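See structure below.
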Amino acid sequence: MDFKNKKWLFLAPLAGYTDLPFRSVVKKFGVDVTTSEMVSSHSLVYAFDKTSKMLEKSPLEDHFMAQISGSKESVVKEAVEKINALDHVSGIDFNCGCPAPKVANHGNGSGLLKDLNHLVEILKVIRENTNKKITSVKVRLGFEKKIPKEIAHALNDAPVDYVVVHGRTRSDRYQKDKIDYESIALMKKILKKPVIANGEIDSVKKAFEVLQITQADGLMIGRATLRAPWIFWQIRNNTTELPAVVKKDLVLEHFDKMVEFYGDRGVIMFRKNLHAYAKGEMQASAFRNCVNTLTEIKSMRESIEEFFNQEMLQSEVPLWVELNQKSV
């Protein structure tokens, strides 16, 4: 990955959202790097046949990172060895940012920010045992309080190719007013490796503001893509215009990919995606109530076609959606 000639654009891992069907849709809008949903090392080691489905990728994904979490070096080592057998995976991203209590309170995710020496040792284990070309880490600014300097200095000793920084602490969760790009800028000055800025990037204007403040080598965007997967195309072309795509066709394509990947179960799983796509449109509440009752492919597809009729759309402005607390 050459960070000298362009600013790289990354799709953030979002639990329950950034599966293969969604990533394949977003990839068409120019995102450079896609990342799997977070997978625990324990699940990879002890339930690989089931968990490995989360690490499948579409033919469109040329830079595909598998994101793993964990705190036990021996288990992380075994998980890395499992991923070694997956030739389509470009690299491993280690999660040190997940704020969910069931993750962080057990020393995983953002919980590792309380023991930076241990974090660095795990990153060394990953590098020493992976056969992939790329190793990266995603962090927050700290656990209870901000410690950007300490994290940056520690990661200078870690064998990673780039660092993704989410501009909040674990205790900040996803509070919009807590985002701190200045601390990302501070880490960028200290780190001797590329830095990717993440958090609250929901428009082209915001993207360029964050790049200016942080001087980051790229951007990682998550929640905004659920409503507007074309945001990467807009950033790459520095425009607020929309790409030549009919929203109904995009939603239907995503739905069809869900059914193809998950079977009939994909109908129910797609409800949350429809909630995001419909936000800001007239009759969105009624539509959500409707799709929450549908379980059959035919009836769901008909409802999508009716609601997302081009003439009904009132807004194509990227909007935020609320996610579950597992999302990073």
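Quick reminder: no glycine exception, Cβ is built from N, Cα and C everywhere.
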Pick the one from Gln67, Gln175 that Swiss-Prot also lists for the FMN site with Pro13, Leu14, Ala15, Lys138, Asn198, Gly199, Glu200, Gly222, Arg223.
Gln67
Expressed to the nearest Å, what is the distance separating Lys138 (FMN binding site) and Cys98 (active site, proton donor) at their Cα atoms?
9
Taking the residues Pro13, Leu14, Ala15, Gln67, Lys138, Asn198, Gly199, Glu200, Gly222, Arg223, which the record names as binding FMN, find the longest CA to CA distance and state it in Å to the nearest whole number.
21
Can you give me the Cα-Cα distance between Pro13 (FMN binding site) and Cys98 (active site, proton donor) in Å, rounded to a whole number?
10
Cα proximity to Cys98 (active site, proton donor), best match among binding-site residues Ala15, Gly199, Gly222:
Ala15
